[in-house]
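Take a look at the structure set out below.
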Amino acid sequence: MEQEPIVLIKYGGNAMLNDELKSAVVANIKKLQESGTKVVLVHGGGPFIKNILKTVGIESEFIGGHRKTTPEALKYIEMALKGEVNSSLVHLLNKAGMRAVGLSGKDGRMVTAVKRYHEVTENGQTERFDLGQVGDVTKVDTRLLKTLLSNNFVPVVTCIASDEAGQDYNVNADMFAGALAGALKAQDYLVLTDVDGLLRDIEDPSSLIQRLTLEELPGLYGSVIKGGMIPKLESCQIALEHGARHARIINGTKPDTIAEVVQSDNHSIGTEICL
Ligand SMILES: Nc1ncnc2c1ncn2[C@@H]1O[C@H](COP(=O)(O)OP(=O)(O)O)[C@@H](O)[C@H]1O
Ligand SMILES: CC(=O)N[C@@H](CCC(=O)OP(=O)(O)O)C(=O)O
């Protein structure tokens, strides 16, 4: 089992907006599984969270790429992620003949988090913003995932985790996935989104950046790397620094990209982030 490569796929809510998109991702996962690759699927579900919060009349805002989360909002966020998104992915993977197991970071105390604060430093002064029940991953126990993988189950994990005292947190799904990819020493960490990768100019799809080193990242935050791309790049850094071999941001709305990247190592797909 230790010898078999692990591919960790982070599936973002924007790339799963219809069943056709989800089915293409599921077909790719099946291809990988059949070739002997172990697959862990980690997912978010931003648009689904937005819908449920709207339905129950809870307003939410993003600060530095993270959703400010009240304890009441967290209850609905967990409902959307586990009750809606996670169960629909498990359903589709099972329907395709795999054995999927739906989890969050709370199961088996797999992922431990601490409360996250958003800090902004200007002119040497640091201002701290309280994000409520938003967490950062501090520890990953991979035993449950490895047990499932060695028995050919496909773990489908969503981004809720608890602290040591049992308090629950909403963790940005990219950051959550990067921590898991690092802890599992994944051969490939693939971040699926709704664009082709990191674009130098967000208005110009032909301005794809094919390869970036970690050293180049700090100079790009704020100018090129904005909004939803911030936690994606941070998560690739976390994954690589903790032992993932390769990290890449790819378009999850294009069929066959996943299998092509993993199986033919096609370097022209997406943005590769390197140590
Ligand atoms: N330089 C950039 N290149 C590509 N996308 C960018 C860039 N900067 C910001 N973005 C935004 O990041 C979005 C992807 O992040 P996000 O909406 O959080 O997606 P997901 O739900 O897939 O996690 C893109 O749709 C795009 O609007
Ligand atoms: C703290 C925080 O921001 N959590 C995210 C978790 C879901 C997520 O990240 O979903 P995507 O992968 O679809 O963006 C949120 O509440 O939206």
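Just so it is clear, glycine is given a Cβ too, placed from its N, Cα and C backbone atoms.
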Gly45, Gly46, Arg67 bind substrate according to TrEMBL; which of Asn152, Asn170, Asn251 goes with them?
Asn170
If I restrict to non-local contacts, at least six residues apart, and a C-beta distance under 8 angstroms, what lies near Asn170 (substrate binding site) in its own chain?
Arg67, Thr69, Ala73, Leu74, Ile77, Glu78, Gln133, Val134, Gly135, Cys159, Ile160
Residues within 8 Å of the Gly45, Gly46, Arg67, Asn170 Cβ centre (excluding the substrate site residues themselves):
Gly13, Gly44, Ile49, Lys50, Ile77, Ala80, Leu81, Cys159, Asn172, Ala173
Per 10 Å Cβ neighbour count, which of the binding-site residues Gly45, Gly46 ranks highest?
Gly45
I'd like to know which of the recorded positions Lys10, Arg67, Lys232 has the most other Cβ atoms within 10 Å of its Cβ.
Lys10
Distance in Å spanning the most remote Cα pair of Gly45, Gly46, Arg67, Asn170, given for substrate:
12
Assigned conformation of Lys10 (site 'Transition state stabilizer') - DSSP reduced to three states:
strand
